[in-house]
Amino acid sequence: MTPLVNEELATLSDQLTLVAVLLYLVAMICFALDLAFGRIHPASAVKAREPVAVGAGGGGPSSGEPGEAAAAGGAATAEGAPWAAKAGLAGIALTWIGWAAHLAAIVTRGLAVDRWPWGNMYEFVVGLCLAAVTAFLVLLFRHRIRFLGAFVTLAAALGLGFAVLFLHVQAGPLMPALQSYWLAIHVSAAIVASGLFTVAGVSAILYLVRKDRPSVLPTREALDTVVHRAIVIGFPIWTFAVIAGALWADRAWGRYWGWDPKEVWSFITWVVYAAYLHARATAGWKGKAAIIISLVAFACLLFNLIGVNIFFPGLHSYSDIPR
Amino acid sequence: MTEPHKTGTATAVESEPEAPHRPAGLGLIGWLRWGWRVLTSMRTALILLFLLALAAVPGSIYPQRGIDPDQVAQYFSSRPQEAEWLDRLWLFDVYSSPWFAAIYLLLFISLLGCIVPRLARHAGELRRRPPAAPRNLLRLPYGEEFEGDLTVAEAAALLRKRRFRVTTGPDWVAAEKGYLRETGNILFHFSLVVLLFAFAGGALYGYRGNVVVVEGESFANTVAAYDRFMPGSRVTAESLHPFSFTLKDFQVTFIAAGERTGQALDYQAALTVRDAPDAPAREAVLKVNQPLEVGGTQTYLISHGYAPTFKVTDGKGQVAWEGPVPCLISDRATYASECVIKVPDARPEQLGFLIRFLPTGVQAGDAWVSAFPGTVNPVAQVFPFAGDLGLDSGVPQSVFQLDTTKMRPLGKMTAQPKPLSVGETLELADGAGTIQFTGVKEWISLQVSRDPGRLPALLAATAAVLGLVLSLTVRRRRIWVRVNDRRITVGGLERTDGGAAAFAKEFTEIVTALRADRVGPTPPPPTAPPSAEHEEER
C-alpha cells in the first residue's frame, strides 16, 4: 500500500505554521508601536482635509476640530513620532513574510496529503486566518487601514495558536463524504468570506472602542467605511458559499437544503448580514446601530464556524476535532 | 481615508423614510394604507429579518421531525411533559410551523411591497433620459471649471464612449451611468421570491424515502418498499418512477494503520439497475457524492452497517428462521453492532435473540470488543430467550428491540458470553434448538428523493448571486457638462453611498479627458487652480 501521507511535508507544514505565528506577533508589536506613537486622529472626519470633493449640503458633524485634538493630545503631537511610521512599514513587511510562511504551511499540508487542505477544523481555521490576513493586505492597497494591522495580526496569531493547541490533528486522507470537488469550491468561498467578515468585525469592534474624541485610531467614519467595504465584498461571496454548499448537499445527501444545524446557522449569518446592509441604507440605523448589527452577524459567523461543530450533532460533524 | 462625509441628497438615494405616524381618524381605508406603509417600510423589513434569524435558532437546538424523527421520539420518551409543551409550540417542526411561516410570509410581502414600486420606477427611469443640467454645476458635490473650445457634441461623444447614457440640450450635456445597480437589486429580491416558490413547490410535489437494503436483496420504487416515506401533499403513488435495483456487492475500505486507523477511505455499492420494469438491466456504482439518477429521481448512499446471517433450528428440528439481520451500529469507531432476531415460528416455544456483532472481535480481559471496523475476525455474541414474543398483542414493535417481559433467558445469562465465529453453532439450553452463525453481509441505507423544485431553485439562486454582485458593485452616478462660450463647467453627482473615493477618481479622469480633448496647446492654462474654486465654494 502506498503511503497516504508524506510525513516530512506534514511536519514542515506544522513548523511553517509556528513561523507564521511568530512573524505575526512581531508584526503586531510593530503595528502597535505605530498606533501608540503615531498620528492622533481627530474625533470626526470633518476637518482640514484635501480640498477634493467637499460635501455640498450644510450640516454634518460639526465637532472635532483640530484644536480639540491638540487639547486632548497632551505630550503627543498630532503628527506623532517620526519613527512610528517606519515601525508601521516594518509591520507590513513582516506581515507579508508571515503571510508567505502561512501560505506555504497550507500548501505543504495539501501536498502532504495530496488533496485540498480544508478537510477538518484545524485546516479550516488555519485557512480562515490566512484569508483574514490576505483580506487585510489586499484592502491595504486601496484603503488606509494600517491601523488594523495590530488587530488583524493579533487575531491571526491567536487563531493559529488556538488551532495548533486545540484543534491540531495529524494530516490524513479525507473521509468519503468530503471527497468531492465541491470541497474546494464551497470551503474556499466560506474561508474567503469569513476572512473578509473578520476584517469587518475587527474594524467594528474598534469603532465601538473608539469614542467620539481624538484617538490614535482613525475616525469613526473611516472605520465605518472599512466595515462596509469588507462586508459588501464578503456578502456575495458568503452567498455563493452557501449556494455551493446547497449544491454539494444536493449531490451528497439528497436534498439541497435540509435545515441541518450548520445550514441553519449559515442562513442566520446570511440574514443578519443582509440586515446590516439594509440598516446601513436606512435613516436612523446608520452608524452605531448598523455597526452593532454587523457584530451580531460576526458572532453568528463565529458560532457557525466553531460552535455548531462542537455543540450540535449534525451532518457537518465530521470536523475531526480531537477529543 | 480620503472619503468625504457627504450629506444631503447624494446619500438619500437608497434611504427609506421612517415609518409614517399613525393617522388620526382616517377610516378603514386610511388605516389599511397606513398598515401597508408600515409593513413595507425598511424598518419593518429589518425587524422581520431579525425575527427570521431568531426564529431559525430553535431548529438547531431541538431535534426536528423532518430531519431526525427518531431523536424526536427519544426526546418524547425521556422528557415526555417537556416534549409535549415543546410540540405544542411547534418546536419539533420549526421550519414548517405557522409562526415561522408568518414571519417569512410577512417578510416576503414586505419585500414585494417595496420592490414592485421600485421596479415600476426603475422601468420608467430606464426609458427616461438623464435629467437636464442644474443651473449652477459648481454647487454639486463634484465641480470643475476650465476654459476651452469643447462643444456639446464632443462632450456627449466622450461621455458616450465611457458608456454613459447621454442626453443633450442647447448648451449642456447630461449623462448618467450605473442603472445596472438598481436592476441587480430588483433581480436579487425577485430571485428570492422565486427561490421561495421553488422550495415550496419541491416540498409539495416531491418526496423522500429511506430504505435499508442488504447485499443480495432488491428494491423497487413503490411506497410499500420504503422503511420511511415522506411524500409532499401533492404526491400520489403514480408519482413514483418505477425503477428497481439489486444490491450485488458493497465494499468499504478502511485505513488499517497509524493514528487514523479505522477511518473509512471509500464506500462503493455495485447495483444492477432497471430504469423501468421492462427496461434492460444495467450496472451502476453508487458512492457518497455520486448518486444514482433515474428519471429525475435520485438515490443516495447514506450509511452502511453489517448484517450477519444466522440459521435458527427449533426444538422440533425444523429450520424456523434463516437469513441476514441488519444490525444497528453501537460504536461508530469500531462498528460494534447490535441486532435482534425474532423467531415466532419456533416450536415448542417462540425464540428471541439479542445479538452483539463484532467485526474484528478481540478479548480484552473478560470483555469482547471490536478492534477495527473491517471484518478481520467477525464474531457474534448471542443472548437467547424463549417464551412469548408479544407479536400478537397488536402493538407495533421495533425490529431492533426485543420485548422480554414474557420471555425467559435460556441457560445461564452472562454479560460477556463466548462469541461464535462464522460457521459455529450454539446449542440452546432446555433443548430449545440451535442457532448457527453462517456468515456476514453488509447493509446500506439509501435515501431516494425527487424534488421538482431543484432546478428552479438553482436558477433562482444563480440569478440572486448575479443580482447581488451587480447591486453591490455597480455605482450610479451623473455627470453634467455646461458649455458657455469658452467657459466649460462640469458637475458630478455620486448616487451610491460609499462609492465616493472611486467616483472622485473617475470624475478627475473625465475632467482631464474633456480638457485634454479640447483645450489644445494654444489656449492659456485655466485661470484658477481647482482647489481655489472649491475654497470659494465653501
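Each Cβ is built from the backbone N, Cα and C atoms, and glycine gets one as well.
Feature annotations, reproduced from TrEMBL:
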DOMAIN    A:118-316  domain 'Cytochrome c assembly protein'
TRANSMEM  A:16-37  transmembrane segment
TRANSMEM  A:89-112  transmembrane segment
TRANSMEM  A:124-141  transmembrane segment
TRANSMEM  A:148-169  transmembrane segment
TRANSMEM  A:181-209  transmembrane segment
TRANSMEM  A:230-249  transmembrane segment
TRANSMEM  A:264-283  transmembrane segment
TRANSMEM  A:290-312  transmembrane segment
Going along the chain, which residues at least six beyond the ends of the transmembrane segment (A:290-312) come within the CB cut-off of under 8 Å?
121, 124-125, 128, 194, 197-198, 200-201, 204-205, 207-208, 224, 227, 231, 261-262, 265-266, 268-269, 272-273, 275-276, 279-280, 319, 321
Leading stretch by Cβ pairs under 8 Å, where the reference is the transmembrane segment (A:264-283) and the options are A:89-112, A:124-141, A:148-169, A:181-209, A:230-249:
A:230-249
Contact call for the transmembrane segment (A:16-37) and the transmembrane segment (A:148-169): at least 3 Cβ pairs under 8 Å, seq gap 6+
yes
Short question: which residues 6 or more past the ends of the transmembrane segment (A:148-169) have a Cβ under 8 Å from it?
14, 17-18, 20-21, 24-25, 27-28, 30-32, 34-35, 88, 91-92, 95, 98, 102, 120-122, 125-126, 128-130, 132-133, 136, 198-199, 202-203, 205-206, 226, 320-322
Over the domain 'Cytochrome c assembly protein' (A:118-316), what does the predicted model average in pLDDT?
87
